[in-house]
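These notes concern the structure reproduced below.
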Amino acid sequence: MSFSLSEWLWQETYWLPPNVTWAELEDRDGLVFAHPHHVLAAFPVALVLVAVRIVFERFVALPLSRWMGVQDPIRRKIKPNPVLEKYFLRMKQCPEETQMVLLASQCGLTLRQTQRWFRRRRNQDRPSLSKKFCEACWRFVFYLCSFVGGTSILYHESWLWSPSLCWENYPHQTLNLSLYWWYLLELGFYLSLLITLPFDVKRKDFKEQVVHHFVAVGLIGFSYSVNLLRIGAVVLLLHDCSDYLLEGCKILNYAHFRRGCDALFIMFALVFFYTRLIFFPTQVIYTSVYDSIKNSGPFFGYYFFIVLLVMLQILHVYWFCLILRMLYSFLHKGQMTEDIRSDVEEPDSSDDEPVSEGPQLKNGMARGSRVAVTNGPRSRAAACLTNGHTRAT
C-alpha cells in the first residue's frame, strides 16, 4: 500500500517537465543526480543542529551576553490569585477598566493592585533579554557561516549572476557534492526551527514566521527533489546575505550598542530591499515563470514552485513594510526604537499606573499624587533609557 502511494505521489507527470522520466535522472557513468530520498538525511541533521544550538547558547552565547553587558530586568513575583489567573489564561491578558474594577471587587483588591498584578503577570510570560540575545546569536552564527559557505560554492557559477542560465539543460543537471551538503544543512536548519518553534521567542509576526518556515522547507525540499538546485541555491543565498545582518543588529540592540545597531540596521534595510524586492522578483521569479518552460509546456510542479516563490515574495513585502516603519522612526528620532515586532517589557513601578485626578491642593498638586523622584532606584528597563540607549526587545 505504501509503495503504491509513493508511486502515485511521485508520478512523473506531476513533478517533471513533459516527456521527462525519473529513469533519465538515475546515476550513471560517474554522473550523480539529486534524488527525492536524499532529503530524508535532513531530519537527523536537524536534530544534530538542535543539540548544537543548546550547547552553543549555554556555553558560548550566554557568557558572551554577560560580557557585553546584557542584563535581564528584575521581575517581581506575583501573589497567586486563582480568579485573576483563570481570567488571564482563558479570557484576556489586558482587561478593560470596567472588567478590571469587577475583578478587583471579586478578589478584595484595589484597582491599582489588580492592574499591577496583570502587568507583572504579562511580564512573567515575556522572554528574558538574555534568551533573546542567545537566540539571535545562534542564528547570526549560522546565517553568516551559511552565507560565507554558499558564496564560496556558488561564486564561480555563471548562473548565480545570470539566473536565466539556471534552466540550461534542465532537468539533466548533475549534482555537485559541496552544493549537496550546503543544501542539506539549510534544509536541516529550517527543520530545526520548526522543532524549536514552541520554545523560541514569539514576536508579533509569529504567524508569518511559521508560514515562512514551512514555505522555506517546502521550497528547499521540493527544489532538491526535482533537481531545481540552481535556482533554489540562488534563492537561499539571497536570503542568507541579509538574514545575518538582521540578527547582528538584534545582538547590538540587546547589548545597547546604539550606533553600531543603527548603522547595521541601515545596511540590512538596503540589502533586504535590493535582494528581496528588486533582484528576487525581477530575476528569480521572472526567470522561473518564463524561462523555465521555454523548452516544455507548464506542468503541476511548475505551478507549485511558482506559488511557493510568490508566497515568499508576499512575506518579503510585509516585512519590508515593518522595516520602513522603523526607518521612519529612525529618521524622525535620530536613533532606532525598539523592534516593532517584539513585546516591550512593561515598567514594574506602581508609579506608572494611571491615577485618577483628585481635588487640587494649595501647591497645585492633585490629592494622592506623588512627586517624581529623580535620584531614586528605578527598574533596569527605565535605566536603559536614561543613558541614551533604546529599550532592547
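Even glycines carry a Cβ here, placed using N, Cα and C.
Same-chain neighbours of the topological domain 'Lumenal' (1-31): 170-172, 174, 225-227, 293, 295-297, 299-302, counting only residues six or more beyond its ends whose CB sits under 8 Å from a CB of the stretch. What Swiss-Prot records for 1-31 is topological domain 'Lumenal', and it gives similarity to another entry as the kind of evidence.
Among the features that Swiss-Prot reports, N-linked glycosylation site is placed at Asn19. DSSP assigns Asn19 (N-linked glycosylation site) to coil, not to a helix or a strand.
Per Swiss-Prot, transmembrane segment is recorded for 32-52 (among others), and the stated evidence type is sequence analysis.
Swiss-Prot lists 131-332 with the feature domain 'TLC'.
Annotated transmembrane segment per Swiss-Prot: 140-160 (among others), in sequence order, evidence recorded as sequence analysis.
Among the features that Swiss-Prot reports, transmembrane segment is placed at 179-199 (among others), with the record citing sequence analysis.
Sequence annotations record features per position, and here Swiss-Prot assigns transmembrane segment to 217-237 (among others) based on sequence analysis.
Taken from Swiss-Prot, the feature transmembrane segment covers 265-285 (among others).
Non-local neighbours of the motif 'Last loop motif' (291-301) in the same chain are 13-20, 164, 166-167, 170, 222, 226, 231; each lies 6+ residues outside the stretch with a CB under 8 Å from one of its CB atoms. The motif 'Last loop motif' annotation in Swiss-Prot covers 291-301.
Packing against the transmembrane segment (304-324) from elsewhere in the chain are residues 205, 208, 211-212, 215-216, 218-219, 222-223, 228, 235, 269, 272-273, 276-277, 280-281, 284-285, 288-289, 340-341: each is 6 or more residues past its ends and has a CB under 8 Å from a CB in it. Among the features that Swiss-Prot reports, transmembrane segment is placed at 304-324 (among others).
For 325-393, the entry in Swiss-Prot reads topological domain 'Cytoplasmic'.
According to Swiss-Prot, the phosphoserine annotation covers Ser342 (among others).
If you look up Swiss-Prot, you'll see 345-355 marked as compositional bias 'Acidic residues'.
As annotated by Swiss-Prot, phosphoserine applies to Ser349 (among others).
Here Swiss-Prot flags Ser350 (among others) as phosphoserine, drawing on a large-scale study or a structure entry.
For Asn19 (N-linked glycosylation site), the count of additional Cβ atoms within 10 Å of its Cβ stands at 9 [all protein chains shown]. Scored by C-beta pairs under 8 angstroms, the transmembrane segment (217-237) has its highest count with 179-199, from the stretches 32-52, 140-160, 179-199, 265-285. Here the listed stretches are 140-160, 179-199, 265-285, and the one with the most C-beta pairs under 8 angstroms to the transmembrane segment (32-52) is 179-199.
For the motif 'Last loop motif' (291-301), the number of residues in each DSSP class (helix H, G, I; strand E, B; coil) is 5 helix, 0 strand, 6 coil.
If you take every residue in the topological domain 'Lumenal' (1-31) and average the pLDDT, you get 81.
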